[in-house]
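To keep things clear, I will list the structure first and then write my remarks on it.
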Amino acid sequence: MGQEMSTQSDIQNEDQKGNKRNLKGTQGKNGLKERSTSISKEIVKNSFNNSKLRPGMFIQNSNVVFNEQYKGIKILGKGSFGEVILSKDKHTGHEYAIKVISKKHVKRKTDKQSLLREVELLKMLDHINIMKLYEFFEDNNYYYLVSDVYSGGELFDEIISRKRFYEVDAARIIKQVLSGITYMHKNNVVHRDLKPENILLETKNKEDMIIKIIDFGLSTHFEYSKKMKDKIGTAYYIAPDVLHGTYDEKCDIWSCGVILYILLSGCPPFNGSNEYDILKKVETGKYTFDLPQFKKISDKAKDLIKKMLMYTSAVRISARDALEHEWIRLMTSKDNVNIDIPSLELSITNIKQFQSTQKLAQAALLYMGSKLTTIDETKELTKIFKKMDKNGDGQLDRNELIIGYKELLKLKGDDTTDLDNAAIEVEVDQILSSIDLDQNGYIEYSEFLTVAIDRKLLLSTERLEKAFKLFDKDGSGKISANELAQLFGLGDVSSDCWKTVLKEVDQNNDGEIDFKEFRDMLIKLCNY
């Protein structure tokens, strides 16, 4: 808006100096109006083309009716606020876990704020080890949160079953937790209730042991210059600085230290017969390795626990440093990721071919890649992404892309001895600028999936129809300028200006986009 006003002011000054009489005549007014409108259209087009695309933009409080969109299959679990129902999407056949929260139990203003804050945080977080929210809607009686089905159950139940974990397995789990926490802290989000009950196993496959951090009801944004004061958390895992009412994001690291201690020993470091006794022991910060279970545990593992359970948060290890701790590197260095070569070749081809400046097409593809794919469909791509993510923070930076690109070419069987490093860097820079849809300088997990996935799989009729419905808010069968403005959060701009954007796709010049035009746009983008 400021840019627009400044530009119009410059035009007026120029006209006043050059030819004042034109401002008094009808032709002069029309000329100025036309130039002003032209500039407005150019500004909205630039705003649109420069808008940042994130998967969270597609999670809006929609008018979905549960029984029309989903079929409930069975109850997966119950809690004090509601229940989680295994449900099938009637249009795509995909299964989801839907958290159904009764509004009777969300009467207090603070409870509703907590729920809405959780939704907002999940909208912005995009990480392999953080639960993915697909949809959020409500009716007169309930709120609905739609997420993936994680069939492996809680880490808590796995601990009960195993009693304790081998060091290598404990390291694999805590590395993933720390990866998620590193990403969260980098984005100024603190969880504040990390515990085995809030860590789910993606599948029942004991070899993969992919974890997902859930339950962001107590999470919040934080500022590095300010301390938090709310005394919240769970007795066994709460940090002493939280009990004292002055703490920072490293309260999450304390919780990770407690979890690692439990994984290796089967016992909590701070125990008691009731919550009061537990909290008193937490307040002292004193724990012991003088248990029979710890006799066979390496000094390096104990060293990481010590650094995580430092009483003073200022000297407590950070999430990123913990992720790079020697014990974690040692225990996970031999993790072999068996990558399917045909999937690898296809993903490299798709990434290199992805070239688009058409924001609407990018947005539609991001929605389909991030919200309409299943865990099984993205399994191989997840392996490739994790192999490229050298520092384990859940994002790919420029250096990781360069190193990873070379490694993937080797895996594919290409001879990389004569590769021109400068040429590779140029190619990586082109890839980064093309697929960094939120323009933050990194490739997020969903961005990678979106551009690397099999186009034939992604552009199925069912997925295209569901994606079209996201844009077509009123169900008219056409996407209007107003609907586009609503999705991209630029609703204060006139619909006339949006029509300049629609023209790129609007083949029959009716000022709207029908399903055929929408489908053709995506097929053209994907060279499919």
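The chain as shown is numbered from 1 upward.
Each residue, glycine too, has its Cβ placed from N, Cα and C.
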Inset, instruction - Please find, within the list 239-275, 276-312, 313-349, 350-386, the residue stretch that Swiss-Prot describes as region 'J domain'. - result: 350-386
Inset, instruction - Mind pulling out the one from 376-411, 423-458, 459-494 with the most Cβ pairs under 8 angstroms to the domain 'Protein kinase' (70-328)? - result: 376-411
Inset, instruction - Taking Cα atoms as reference points, rank the binding-site residues Glu400, Asp472, Lys478, Glu512 by distance from Asn440 (Ca(2+) 2 binding site) and give the first. - result: Glu400
Inset, instruction - Just name the winner among Gln395, Ser476, Asn508 (the binding-site residues) by count of other CB atoms within 10 A of its CB. - result: Gln395
Inset, instruction - Please tell me which one of the binding-site residues listed here (Asp393, Gln395, Asp438, Tyr442) sits closest to Asp506 (Ca(2+) 4 binding site), measuring Cα to Cα? - result: Asp438
Legend entry - Positions on the same chain near the domain 'EF-hand 1' (376-411), where near means CB under 8 A and six or more residues out: 127-129, 175, 178-180, 182-183, 186, 210, 320, 323-324, 337-341, 343-344, 347-348, 419, 424-425, 427-429, 431-432, 441-445, 448-449, 452-453, 457
